[in-house]
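Participant: Among the features that Swiss-Prot reports, ATP binding site is placed at Ala51, Val52, Gly53, Gly54, Thr55, Gly56, Lys57, Thr58, with the record citing sequence analysis.
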Amino acid sequence: MEENSIKIHKWLYPASWLYGAGVALRNKLFDWGKLQSKSFNVPIICIGNIAVGGTGKTPHTEYLIKLLHDEFQVAVLSRGYKRHTKGFVLSTAESDARSIGDEPYQIQSKFSDIRVAVDEDRCHGIERLLTLKEPPVEVILLDDAFQHRYVKAGLNILLTDYHRLFCDDTLMPAGRLRESAQGKNRAQIVIVTKCPPDIKPIDYNIITKRLNLFPYQQLYFSSFRYGNLRAVFPDCATVQERKLSSLQTEEQILLITGIASPDTIIRELEIHTRNIDLLAFSDHHNFSQRDLAQIKERFGKLRKGQRLIVTTEKDATRLICHQELDEGLKPFIYALPIEVEILQNQQDNFNQHIIGYVRENTRNGSLPERKDAHKS
């Protein structure tokens, strides 16, 4: 395995012990029934993690949408982190990253035929979704809700970063775990994300032993597959799409990220060019006028004729909202989309696991059998 990037602040262990005691007590109250988890008469799939930072929740949620939405009426419910609204909001054609959050808006932009909603109170959000008719919701995907135990999901999918496995981490603030690694026991599926596409068989075995899962838990490994660069402002761009392979080694890229961990996208771009100027912001960062001015200044320092601005799909949703963004920059801004690939020839098994759960628990038991396994 590659050396992990985990940094533990040992001097913060006392604070972590206090934090851990509080989290453990909360989990025990749910286990003992003192705090109630609510079940719903609809298949609910929770996608989450037990660590702060990016593990690829949104790309994996999009994978599930692609897998299910041709057959079932899919809804996605998120908290809508850093949105400018409160309460339950159902996405519409007028929604943007400000009203529903960047990740829900990204999902709605790519899948206009599903319902996307946000609500801080997940139980209330589910209840509102279940009142929708024509057609009724048949499966709900809960984004980043592994610690939201007031909802009892029928299928819990836990993600852990290949470069930062939860078994190597410790509780906040010394580490990045939201709860003890024992929280993994609530998951029926564990996915090791962001794996190298050429991961060695011995690494599968090492990670499997280190995660130490129970027999009822299924373990999968996934990797990111990058698509073509797509113009964020297509009306301004002379080229709508560019293959990564078309990048020239001398081409200069200003990479703008507001995500938890930009390492993966940096590694991908470095395959094609070494001339990368990184402008990194915090996760879900709301770009200010000062930030936009900094982007313009940094881009202006790159050689004319051989320069490009690359950002993530999530960051693109927030850039689009800004009327203050310099018009001269728009033709040069491209988003780099990512898709999830299940490794080890386990894609069909994973797909059938998900589809089987939804079929067995849907309120509409008369759905026809799926003829072909999903291929992505």
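For all residues, glycine too, the Cβ spot is worked out from N, Cα and C.
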Participant: With a 10 Å radius around each C-beta, find which of these binding-site residues (Gly53, Gly56) has the fewest other C-beta atoms nearby.
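Facilitator: The binding-site residues Gly53, Gly56 were compared, and Gly53 has the fewest Cβ atoms within 10 Å.
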Participant: Other than Ala51, Val52, Gly53, Gly54, Thr55, Gly56, Lys57, Thr58 themselves, what residues in this chain have Cβ atoms within 8 Å of the centroid of the ATP site's Cβ atoms?
Facilitator: Asn49, Leu159, Asp161, Thr193, Ala260, Ser261
Participant: Output, ordered by sequence, the same-chain residues six or more apart from Gly54 (ATP binding site) with a CB under 8 Å from its CB, or 'none'.
Facilitator: Asp161, Ile259, Ala260, Ser261, Asp283
Participant: Are there any residues in the same chain, six or more apart in sequence, whose C-beta is under 8 angstroms from the C-beta of Thr55 (ATP binding site), and if so which?
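Facilitator: Once residues fewer than 6 apart are set aside, Thr55 (ATP binding site) is near Asn49, Leu159, Thr160, Asp161, Thr193, Lys194.
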Participant: Neighbour count first, Cβ atoms within 10 Å, every protein chain included; then name which of Ala51, Val52 tops the list of binding-site residues.
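Facilitator: Output for this query is Ala51.
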Participant: Least buried of the binding-site residues Lys57, Thr58, going by other Cβ atoms within 10 Å?
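Facilitator: Checked Lys57, Thr58; of these binding-site residues, fewest Cβ neighbours within 10 Å: Lys57.
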Participant: Does DSSP put Ala51 (ATP binding site) in a helix, in a strand, or in coil?
Facilitator: strand
